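This report refers to the structure that appears directly beneath it.
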Amino acid sequence: MTAAVTQDNTSRTGAAAGRVVRVIGPVVDVEFPRGAIPELFNALHADITLTSVAKTLTLEVAQHLGDNIVRTISMQPTDGLVRGATVTDTGKPISVPVGDVVKGHVFNALGDCLDTPGLGRDGEQWGIHRKPPSFDQLEGKTELLETGIKVIDLLTPYVKGGKIGLFGGAGVGKTVLIQEMITRIAREFSGTSVFAGVGERTREGTDLHLEMEEMGVLQDTALVFGQMDEPPGTRMRVALSALTMAEYFRDVQHQDVLLFIDNIFRFTQAGSEVSTLLGRMPSAVGYQPTLADEMGELQERITSTRGRSITSLQAIYVPADDYTDPAPATTFAHLDATTELSRPISQKGIYPAVDPLTSTSRILEASIVGDRHFAVANEVKRILQKYKELQDIIAILGMDELSEEDKVLVGRARRLEKFLGQNFIVAEKFTGQPGSVVPLEQTIDDFDRVCKGEFDHYPEQAFNSCGGLDDVEKAAKKIAGK
């Protein structure tokens, strides 16, 4: 086990002091005495006064330029920082509080508590740059994580202790789905949750904090935010800060941990900004040449070790709905399950707008989920795939040109498509409909019956946003009554 970082600020180089020689936005060059050059990733502190307010800037060493000069990235705005200002090497990386003290509180990327200033600074702290567990400590996981969301449990089952990606463009429901997952899992989950808000909207962070407080799950959750209005250095490091807190719960307290990250794309985006500021030549589509390395360093630490696990749910924005973009494409390789949110499905009013044909899970195998689950999931996909193939014919020639068999299949596929949607708990205040939680066995039974045609005579609209088939029958009677 790596030794914990304490509050001792004594530098290995004797708290060496340097001076600022250049400031360009968040990039600060600092000159140190010969033989006292700080190591890469060390945190440096600079005291400044702006409009009569004194504050301490944190800089992270990014490059050694030679001639005793280091190039750093500031974690806060550099307004008020001037050439010649004194900079002190702390002798350690950015460190965050760890342990039970972080539960129920909101922190920034530097480990400062935002709702209770000073909290955790006199206790144990860990540096945010850490090595992943060694190969012999890792443990493979194949246990299904039941969510109560039909489309996920049936077609893209999540792995306990695995990494799950929620992919989607702007406005298709990534944040709503991740909030729903927090609500559902945290209520039944006995361990600790850590939420990392990476470069997303401050408003969403506030909403999440209030909702978790209202649901009664905040006392077992640590929230770490580096939002849109913060410098790229902060947005790049906030995921590591949250992950460090999660690693403590896994490695020291031997807990199963839930780690939510919203949004991984903003982590990549911040890395791209920092790379440009450091003068690196951009790679494909303007991203940093170190994209795969940076993603790997983060993802390799999010893993399960013997006897304990980190289950990670990561929202991943897909720019311009282009899945070949290097940012989402680099993330795919690290995930156990991918849930792709589709704009055409969301435009039909089906939520969650999960694309059942492109979403995947490595545990959707008969040897893991069972023969019946596997067979029903494949039959649902077969019907939906056939419907997709017929859509061009329907659009050009109309339904009348289809064979009787295909007409039946299209009607069944439309019912299945609508039945894959359901009401969410977090959306109750907007829809006025209670959220539904459907057990996995019921989901398998219900979809098996729909696939066999038992409900072909029910109107399609009866399947909208329903939980189980009981809800469908009630909706059908209501429609018939009109």
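Using the three backbone atoms N, Cα and C, a Cβ is placed for every residue, glycine included.
It should be emphasised that the depicted structure is a prediction, and the values quoted were computed from it without experimental measurement.
Taken straight from Swiss-Prot:
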type    : residues                                                       : note
BINDING : GLY168, GLY169, ALA170, GLY171, VAL172, GLY173, LYS174, THR175 : ATP binding site
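Residue density at GLY169 (ATP binding site): 17 other Cβ atoms are found within 10 A of its Cβ, drawing on all protein chains shown. The secondary structure of GLY168 (ATP binding site), as reduced to three states from DSSP, is extended strand. By the criterion of other Cβ atoms within 10 Å of the residue's own Cβ, the least surrounded of the binding-site residues ALA170, VAL172 is ALA170. For GLY168 (ATP binding site), the same-chain residues that are 6 or more apart in sequence and have a Cβ closer than 8 Å to its Cβ are LYS174, ALA315, ILE316, TYR317, VAL318, GLU340, LEU341, SER342, ARG343, ALA353.
A 10 Å cutoff on Cβ-Cβ distances gives GLY171 (ATP binding site) a total of 10 other Cβ atoms nearby, all chains included. Sequence-distant neighbours of THR175 (ATP binding site) (same chain, 6+ residues apart, CB-CB distance under 8 A): GLU200, GLU204, ASP262, ALA315. Under DSSP, GLY173 (ATP binding site) is assigned to coil, being neither helix nor strand in the three-state scheme. Its own atom aside, the Cβ of GLY173 (ATP binding site) has 22 Cβ atoms within 10 angstroms in the protein chains shown. Surrounding the centroid of the Cβ atoms of GLY168, GLY169, ALA170, GLY171, VAL172, GLY173, LYS174, THR175, where the record places ATP, the chain contributes additional residues within 8 Å, namely TYR317, LEU341, SER346. Of all Cβ atoms in the protein chains displayed, 26 besides its own lie within 10 Å of the Cβ of LYS174 (ATP binding site).
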